[in-house]
Amino acid sequence: MHKHQHLLPIFVALCAAFALIDEVDGEYLIGVGSYDMTGPAAGVNMMGYANIDQNTAGIHFRLRARTFIVAESSQGARFAFVNLDAGMASQLVTIKVLQRLKTRFGDLYTQENLAISGTHTHAGPAGYLQYVVYSVTSLGFINQTFDVIVTAVEQSIIQAHNNLKPGSIFLNTGDVENAGINRSPSAYLFNPPEERARYTTNVDTTMTLLKLLDSASNRSIGAFSWFATHGTSMSRENRLISGDNKGAAARFFEDWFTFSNNSLSTRNTKFSTIQNISTLRNKAQKIKATGGKPCGKTTNQGFKVRKNDGSRFVGAFCQSNVGDVTPNVLGAFCTDTGKPCDFNHSSCNGNDQLCVGRGPGYPDEILSTKIIGERQFEKAVELFSSATNPLSGKIDYRHAYINFTSIEVQLNESTVVKTCPAAVGAGFAAGTTDGPGVFGFQQGDTEINEMWKRLRDLLKEPSQYQVDCQKPKPVLLSTGEMFVPYAWAPAILPIQILRLGNFVILSVPGEFTTMAGRRLREAVKETLINNGNGEFDNETHVVIAGLTNTYSQYIATFEEYKQQRYEAASTLYGPYTLSAYIQEFKKLAKAMATGEQLGGTGLSPPDLSSVQLSLLQDPLGDSRPPGKRFGDMQQDVAQPKGGSFKKGDKPSATFWSANPRYDLLIEGTFAVVEMLQGERWVPVYDDDDFCLYFKWNVTVDNGSLYGLATIEWEVPEDAASGVYRLRHFGSSKKTKDSPNEYFTGASSAFTVS
């Protein structure tokens, strides 16, 4: 991986790291799987910023579902954990995945022992959640986005299941430096001073990593880590599909493992002499663009650099209590003055839209994504190479569905309070420093002006009960009381605990703030220790897996709720939401510690698939100018003045193309960099690489709409010197009912020196 030369001192040690641990008998059966879930790359709204103008227009790098399964034996207790390069999990995705798994595996994988967790990238396609408030900006439900995610989760689980082999799992932890800061520090200060004094920072810096080892080969098959930082390195203006910093970290980790241990990798092939480059430059000048040609449906898959045969190393970077943690670590500044934003409201003279966070690569958001991804990746390499603490013991799990709109919470012996129907406050509309919201709102607003109240009431006037229950939140939208055309917000939520020896995962369906997460972890750990008859102790390690199994926005502490910044205004079920979570998780933890099997609550979330609405237009740009074929050059690579491109240059080419929504080319690629080796062109980079960009747009000519695909390659530092060209793949439809027609085309050749 380029620009990782500072890791070279440990690379030598890591050559032996995969055999670091002496051969051991497998404690568990373990398996990993991974599958492409890159959704529609043109004209589909992105999930996260709720920006109606932020629609996909290409791919930075592909999204994946990554799974690990651990079992005591072939018929023993097990669980499956799925990490999605997606904004969050979706209740409807979970429902449909469970239906498919039941058909294939019976009752082996159920709601009890399956966790599906999102990384919280804000650069993936939207339209896959079933509640109205999460699909307004995407113009409703988008079947293509939904289907590709469901299929990817299912296929990654199947792959992991089929790969189950005796193995061992090792736990390691360490601090990640400067990969996240608190974006609502004024709210954090509302927490009790004595509680804050227990921690050195206002964010959690710990990364927890599991190293998965195949006992038979004594080699690692994967690693899963948990660390809290938002997937907002890519801004609300970005239009390229991207896994953001966690997806980048996963790509860097998997490539590091694969390519640093494969001496035959084409990426390590070097043309080392000036004479070779001079000769090849002359040869390149004679190799012209191929023009568009028809090809087969799966031809593009053969050009993938990383072919998914089920044997690849899987490295996942999972999300945790991320609620108030931003990767924009330089801080938030006013775009008009360049000065820091107001501390309490994150605004600039009352204007929330001018206050924007800056990543470490500012103003280059892709560089920021890379840097924050690298910081997580480098810590994961360090933890992976030194992981020697084996996990052992019982596999267990507990799960419950709970109606969060009316939980009675016992605060103490004499005080019982209740949660509320879902609602968002004025601070929700203000957005955050990662993505400012609507003009006229500020974080911390506890009043709503009369104009907004009148507009709100046209949708639904909140009940007096709701207004009183949610205080001091001013109810901007009473989503829990809105059911037209169908439910606007979830009411029934899943909570879940997964146990692997003394390692415990808390699956939460939302974004806990830093302090909220700390309180939940401590409460669960204390409950396990106090009720476990010595089975749990202070060495028990508890992690939070955020945005898991469904999504219900934020969970702030009772004290943070008072200020009503974005996270508190988005805490749906009122000021006692966190207290309710802690109470209900303690019930699960006590049942796990004592071996009690909980009876079902009789609740289950609704399946709203039959009532979903979609206003998304059909794909545009499925034509080309007269006399042109799809795959023909619209703009060939511009040869550099010096004759060769240098490292860091960006050769690009534009092809006449069709809308990528016609076929997502799953486990394939829209873009390839090919390298000439002898007389053969070999693919060395594809659209799953951080350095290769596939961009798609529509151009208008004489009233006709034509599609254009631009492939841009940022030549990495470790690229071999030699002859290259850019290749494009795509699919088109002549009419609505005709079969897809697949095409490819390649640019003229050029050299890199």
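Each Cβ is built from the backbone N, Cα and C atoms, and glycine gets one as well.
Nobody curates TrEMBL annotations by hand; they come from automatic prediction.
Here the structure is a predicted model, which means the values were calculated and not measured.
Going by TrEMBL, these are the annotated features:
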- 1-26: signal peptide (SIGNAL)
- 28-583: domain 'Neutral/alkaline non-lysosomal ceramidase N-terminal' (DOMAIN)
- His120, His230, Glu511, Tyr554: Zn(2+) binding site (BINDING)
- 585-752: domain 'Neutral/alkaline non-lysosomal ceramidase C-terminal' (DOMAIN)
- 624-650: region 'Disordered' (REGION)
Number of other Cβ atoms within 10 Å of the Cβ of His120 (Zn(2+) binding site) across all protein chains: 29
Mean of the pLDDT scores, which run from 0 to 100, over the domain 'Neutral/alkaline non-lysosomal ceramidase N-terminal' (28-583): 95
Three-state composition of the region 'Disordered' (624-650), taking helix and strand from DSSP: 0 helix, 4 strand, 23 coil
